[in-house]
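K.L.:
Okay, here's the structure, questions in a sec.
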Amino acid sequence: MGHFTFIGLCLLAMFLSLSGAECYTCPIDWLPKNGLCYKVFSNPKSWLDAEMFCRKFKPGCHLASIHRDADSADLAEYVSDYLKDDGNVWIGLNDPQKKRTWVWSDRSSSNYFSWNQGEPNNSKNKEYCVHLWAPTGYLKWNDAPCETLHPFICQCKY
C-alpha cells in the first residue's frame, strides 16, 4: 500500500506543478514563443495569399503579429537565420480600409509599431501591407503594395 501512496503523491505533485504551466508543442521546424508557434515560408506570395496560406493550417493561424521589442528581436533573428537576408517578409499588419489605420490580421491590438525611419510613407498611394525589411535585419517595418510577392511568417496557437 505504501508504494501506491508514494506513486499517487508523486503524480499529484507533478500535476500541481504543471497546472499553471504553459503546455504546447509546435510542429517540427516551427519556433515556439509565448504560447505561439512561428514558421517562415520562403515561397513568395502576395500579402493576401500569404494570409490565406497561414489560415489553412488550423483555425487561429495568421500572418505573424508583433507586439513588443523583445518579440520583434526574436523573430528578426529567426527570420535572418532562415532566409539569410534574402528578401523582405510579410507580417500580418495591413490597412484594409486604406485610411492609414493599421490592423493585425488576427485582430489583436495594434499599439506597437517598429517602422523604419520615414515609414509608413504610402509611396504612390498603393502601400497598404507591411513587411519586415531585410536591410534592417528584419527589425524594422515598411509598408508595401499588397500584391508584391514576398516570403512570409505565419503564427499559430497549438
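Backbone N, Cα and C atoms are what each Cβ position is placed from, and that goes for glycine too.
What Swiss-Prot shows for this protein is this:
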- 1-21: signal peptide (SIGNAL)
- CYS26-CYS37: disulfide bond (DISULFID)
- 33-155: domain 'C-type lectin' (DOMAIN)
- CYS54-CYS154: disulfide bond (DISULFID)
- CYS61-CYS156: disulfide bond (DISULFID)
- ASN121: N-linked glycosylation site (CARBOHYD)
- GLU127, ASN142, ASP143: Ca(2+) binding site (BINDING)
- CYS129-CYS146: disulfide bond (DISULFID)
K.L.:
What's the CA-CA gap between CYS146 (disulfide bond) and CYS54 (disulfide bond) in angstrom, rounded?
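P.N.:
Cα-Cα, rounded: 16 Å.
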K.L.:
Sequence order is fine: just name those recorded positions in CYS26, CYS37, ASP143 with a Cα within 10 angstroms of CYS156 (disulfide bond).
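P.N.:
Correct set: CYS26, CYS37.
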K.L.:
Tell me the residue counts in helix, strand and coil for the domain 'C-type lectin' (33-155), as DSSP assigns them.
P.N.:
30 helix, 36 strand, 57 coil
K.L.:
Determine, for the Ca(2+) site, the additional residues of the same chain whose CB lies within 8 Å of the mean position of the CB atoms of GLU127, ASN142, ASP143; present them in sequence order.
P.N.:
GLU119, PRO120, ASN121, ASN122, SER123, CYS129, VAL130, HIS131, TRP141, ALA144
K.L.:
Determine the minimum-neighbour residue: among CYS37, CYS54, CYS154, listed as disulfide-bonded residues, which Cβ has the fewest other Cβ atoms within 10 angstroms?
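P.N.:
Fewest other Cβ atoms within 10 Å, among the disulfide-bonded residues CYS37, CYS54, CYS154, is found for CYS37.
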K.L.:
Check each residue in the chain of CYS61 (disulfide bond) that is at least six apart in sequence and keep those whose C-beta is under 8 Å from its C-beta; list them in sequence order.
P.N.:
CYS54, ARG55, CYS154, GLN155, CYS156, LYS157
K.L.:
Among the recorded positions CYS26, CYS37, ASN142, report those whose Cα falls within 10 Å of that of CYS129 (disulfide bond); none is a fine answer.
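P.N.:
Passing the 10 Å Cα cut: ASN142.
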K.L.:
CYS26 (disulfide bond) to GLU127 (Ca(2+) binding site): how many Å between their Cα atoms?
P.N.:
33
K.L.:
What whole-number Å value do you get for the CA-CA distance of ASP143 (Ca(2+) binding site) and ASN121 (N-linked glycosylation site)?
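P.N.:
Just about 7 Å between their Cα atoms.
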K.L.:
If one measures from the C-alpha of ASN121 (N-linked glycosylation site) to the C-alpha of CYS37 (disulfide bond), what distance in angstrom results, rounded to a whole number?
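P.N.:
Cα-Cα distance, ASN121 (N-linked glycosylation site) to CYS37 (disulfide bond): 31 Å.
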K.L.:
Name the residues of the same chain, 6+ apart in sequence, whose Cβ is under 8 Å from the Cβ of GLU127 (Ca(2+) binding site)?
P.N.:
PRO120, ASN121, ASP143, ALA144, PRO145
K.L.:
Go through CYS26, CYS129, CYS146, our disulfide-bonded residues, and report the one whose Cβ sees the most other Cβ atoms within 10 Å.
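P.N.:
Most Cβ neighbours within 10 Å: CYS129.
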K.L.:
For CYS26 (disulfide bond), what is the secondary structure state per DSSP, taken as helix, strand or coil?
P.N.:
coil
